[in-house]
Amino acid sequence: MASHFRSYIWDPVLIVSQIVLMQCIYYSFLGLWLAGVDSLVPTSRSLDQIFNYELLGFASMQGRLSMMAFILNSLTCALGLWFFIRRGKQCLDFTVTVHFFHMICCWIYNAHLPAALSWWLVNVACMALMAVIGEYLCMRTELRAIPVNSGPKSNL
C-alpha cells in the first residue's frame with residue numbers, strides 16, 4: 001500500500017471527543033467572559049445569561065454586555081479550533097455543531113425555539129467570526145513552509 005499525504009481514516013471516537021471538547025471550551029469560556037463583563041456592571045449572575053435568548057438585546061446595558069461576551073467567546077473558540085481541531089476544512093463543521101448544540105440547549109432551557117431576532121443575529125455573527133478566524137489560523141499553520149535540511153550537501 002502506498003502512503004497518501006494527509007490520509008485520514010474515519011475515527012468517530014476522535015470526532016465525538018473533539019465535539020465534546022469544543023462544547024466545553026464554548027461554555028467554560030463563555031462563563032468566564034460573562035463573569036468578566038458582569039464585573040463592569042452590577043448584575044445578577046445566572047444561567048439566563050447563557051441560555052435565555054430574551055436577555056441578548058440592544059435595549060439594555062446587560063444585553064449589550066452579554067452580546068459582547070458572546071462575540072469575545074467566538075474569538076476564544078476560534079483559538080480552540082486552532083489548538084485542538086487543527087484542520088481548516090473542519091472549522092466550519094465544528095463551529096456549526098457547537099452553535100447547533102447551543103441552540104438545542106437554549107430550546108430546552110426556554111421550552112421553545114429562540115424567537116428574538118437579536119439572539120439569531122448574535123449567534124450568526126459569532127458563527128461567522130469563529131469559523132473565519134479559526135479557518136484563517138488553521139490554514140496559516142497548514143501552509144507554513146516545511147523546513148528542508150540545509151546541511152552540507154555531498155558531492156556525488
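Glycine is no exception: its Cβ is also placed from the backbone N, Cα and C atoms.
Listed in TrEMBL:
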type: TRANSMEM; residues: 12-35; note: transmembrane segment
type: TRANSMEM; residues: 65-85; note: transmembrane segment
type: TRANSMEM; residues: 92-111; note: transmembrane segment
type: TRANSMEM; residues: 117-138; note: transmembrane segment
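Same-chain neighbours of the transmembrane segment (65-85): 18, 21-22, 25-26, 29-30, 33-34, 36-38, 40-41, 43, 49, 55-58, 91, 94-95, 98, 118, 122-123, 125-127, 129-131, 133-134, 137-138, 141, counting only residues six or more beyond its ends whose CB sits under 8 Å from a CB of the stretch. Panel annotation: around the transmembrane segment (92-111), residues 18-19, 22-23, 26, 47, 51-53, 77, 81, 85, 119, 123, 126-127, 130-131, 134-135 of the same chain, lying at least six beyond its termini, place a Cβ under 8 Å from a Cβ of the stretch.
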